[in-house]
C-alpha cells in the first residue's frame, strides 16, 4: 500500500463515472450537466468500461481494497453493472446515487457485486426536495431507497448536505432514520469552496452539539475522523440512561436506534489527517484531494501509464486544511503543536470499526 509524505496510506479510490446528472441541486458545483437521458453508453469524454476496470486493477495492485462509484449520477451509465462485475474480487464496491434509477436495477447491481449504497435525500418534504434538487423526483427517490433495502443493501445511507436551506430539516431526518430499520443518515457539511455561496454555510458544531445531547452513544470512525451518533427513536421511549442496553453484542444498534454520521471537512485538519482516498475524474484524471484541481494527472490508456500516475498522485498528496504536520530537522514529519492540539479538539473516543464508506 502506498503512503504519501504525511504518512497517510491510500486504501480507497473514488471513481466518477460521469459528470452528467438528472438533478440540478442548488448546492452542487456540477449542476445538471450534460445529456441526462439514461441509462446510456459512456459519452466520448467519459472513461470507457475497459479503462475504469484497468484502473481498478492497478489500484488493487497498490493495496487499494475499496472503491466508491460516483458521478454526477453514476446510474446514467448503462455499463455500471459490467464495471462492478469486473472489479477485483476482494475490492469492496459502494456507490453514491440519487436513487431514481435503483428500482429495476438494484437487484442486478447487488448480483454484480455492489455492497453498499449512499442515496442523496436532503429533505422529507416533496416541495422542499423539489426546490433543493430542481426536480420532481421525490417519490422516485423514496422508491429507490425501498429498492435498495429490498435488494439487501442495508444499511442504506441517506446523504444530506447541511446548509442554510436544509438545516431546519435535520431533526426530522434524524427521527426518520432512528425509527426506520435499515437506514442511516450522513450529514455532509456544505463546502462553499466547491459550490460558492459562502452565506449558505452554517456552524456545523451546532449540529454536533445537538446530536450529542440527543445521542445514546457516540463513537468516531478513523476515516476522516468522522463522529457517529447512535440515536433512539422517540417512539421507542429510550433515553441516554438506556445506552448500555441499546448496543447489540456485535457493537451495532437495536432496530429502534439509528446512526447519524457527520462529514465535516471545512477547516478541519483532523479530517485531512485521516483521509486515505484518491479520486479519479470522469474524464481520466487522478487527483489527491477533492478540493484541489491543481494536481490533476492523466491516467492514460495503458496499465503502465496508470501505475505511474497513481504513484505520482499519492506521492504529491498534501492536506488541504492546514499544515497539521511539519518537517523535522532530519527530514521527517511531526505534529504541528502550534496549529493543532495533539489531543485534538474532540473527546478521545476509541475509533469504531470502519464498516461502511
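Just so it is clear, glycine is given a Cβ too, placed from its N, Cα and C backbone atoms.
Taken from Swiss-Prot as is:
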{"type": "BINDING", "residues": "14, 68, 96, 157, 277, 278, 279", "note": "GTP binding site"}
{"type": "BINDING", "residues": "21, 25, 28", "note": "[4Fe-4S] cluster 1 binding site"}
{"type": "BINDING", "residues": "27, 72, 120", "note": "S-adenosyl-L-methionine binding site"}
{"type": "BINDING", "residues": "272, 275, 289", "note": "[4Fe-4S] cluster 2 binding site"}
{"type": "DOMAIN", "residues": "5-234", "note": "domain 'Radical SAM core'"}
{"type": "REGION", "residues": "232-256", "note": "region 'Disordered'"}
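The binding-site residues listed here (14, 68, 72, 96, 275, 277) include 72 as those with a Cα within 10 A of the Cα of residue 21 ([4Fe-4S] cluster 1 binding site). Pairwise Cα distances among 27, 72, 120, the recorded S-adenosyl-L-methionine-binding residues, top out at 13 Å.
Per-residue pLDDT, averaged across the domain 'Radical SAM core' (5-234), gives 92.
With respect to residue 275 ([4Fe-4S] cluster 2 binding site), the closest of these binding-site residues in Cα terms is 68, chosen from 25, 28, 68, 96. Cα separation, residue 277 (GTP binding site) to residue 120 (S-adenosyl-L-methionine binding site), rounded: 21 Å. Each of the binding-site residues 25, 28, 272, 278 was assessed for Cβ neighbours inside 10 Å, and the highest tally belongs to 278.
In terms of C-alpha distance, the listed binding-site residues 25, 28, 272, 289 place 289 closest to residue 68 (GTP binding site). If you check the binding-site residues 27, 28, 272, 289 against residue 157 (GTP binding site), none has a Cα inside 10 Å of its Cα.
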